[in-house]
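Q: Before we start, here is the structure in question, set down as structure tokens.
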Amino acid sequence: MEPQLNQEVINTAALHDGPIETDAVIVGAGPVGLFQVFELGLLEIKAHIIDSLAYPGGQPIELYPDKPIYDIPAIPVCTGKELTDNLMKQIEPFGPTFHLGQEVSVLEKQEDGRFFVETSKGTKFLTKTIFIAAGVGAFQPKLLRVDGLDKFDNSQLFYRVKNPADFAGKNLIIVGGGDSALDWALNFVAEGPNKAESVILIHRRDGFKAAPANVAKMKELCDAYEMQFIIGQVTGYDEKEGRLTAAKVTGADGITRVVPLDVMLVFFGLSPKLGPIAHWGLDIERKQIKVDTEKFSTNIPGIFAVGDINTYPGKKKLILSGFHECALAAFGAAPFIFPDKKIHLQYTTTSPKLHKVLGVESPVFD
């Protein structure tokens, strides 16, 4: 479920003839990457954001868009989608430019101290600073390995649900044993506009890594013949006239059953990969970037790392910790962008300058 996007904010940059010259490039559009835009914006530093996903929000949007989050200060509870929507609204005044569905493939230090950055789609930048907010790396879905099945990708085989309405009235096979598989199985069985014609859940064993209440609900629905659960693994498929018509499911008994379908949804989880980041010359420890906690700078001057991607003594992988890191990283980066300017700490409650930057009126006190 993708976040609500303001087109002016989310407008992905058009192709440029030459590199885009900018003060800051943020790698990662999860909550911490989005809040980095805000902290930089308060210091009048404009940013471009790159993310491998086709939409902002990172892990909360990809893994738990509808799950409640309880540990964001002053927000008793919100979902991953609500958190993303609120962050997108918060950064609107700073007009960041998003470059989505692409990864950084090249990073080179230039003689003038700037960095040359190129993405997998050929977008090029010359930037004074880089903020790596890539979480645990670029997310790639874990694939169902059946020879030839990949030719049905994004037509009848899907690894995520963008629009539930696309699957309404269909005969669905859902493969997996985690929260996503159970959540979507229950979603498509439920009465409503997205109800499927039939739902068959396939998992290799009877145990699940999912919320016990959802597992119990699934078994209730099976007992009521409203859906089916088959223990086994997809080992093959049938097709007719270029269309996927059935999955071959082999059980622990060695018997292979042919299960008709319209669409197959696979939820094996997402595999985070550091990708090219691992080859940028950064000091990496157990797939995390080492930083100092004064500025959250890396061993390469001008490159900062915030959020789950970094490590330091006492590190806790919490969204609120990442927000704190963004503030210090922004102040740490300011001298690279404004070498002759003294940066003063100002407060959004009282600073007319920050009110102007934020596009709000300064309060008048009697």
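From the backbone N, Cα and C atoms, a Cβ is placed for every residue, glycine too.
Residues annotated as FAD binding site in Swiss-Prot: ASP51, GLN59, TYR64, VAL104, PHE139, ASP308, THR349.
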Q: Can you check which residues sit near TYR64 (FAD binding site), meaning Cβ under 8 Å from its Cβ, same chain, 6 or more apart in sequence, and list them in order?
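A: In sequence order, the residues whose Cβ lies under 8 Å from that of TYR64 (FAD binding site) (at least 6 apart) are THR79, GLY80, ASP179.
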Q: Here are the binding-site residues: ASP51, ASP308. Which has the lowest count of other Cβ atoms within 10 Å?
A: ASP308
Q: Looking only at GLN59, THR349, the binding-site residues on record, which one has the least crowded Cβ, with the fewest other Cβ atoms within 10 Å?
A: THR349
Q: When a 10 Å sphere is centred on the Cβ of VAL104 (FAD binding site), how many other Cβ atoms does it contain?
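A: VAL104 (FAD binding site): 26 neighbouring Cβ atoms within 10 Å.
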Q: What does DSSP assign VAL104 (FAD binding site), in three states?
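A: In three-state terms, VAL104 (FAD binding site) counts as strand.
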Q: According to DSSP, does ASP51 (FAD binding site) fall in a helix, a strand, or coil?
A: strand
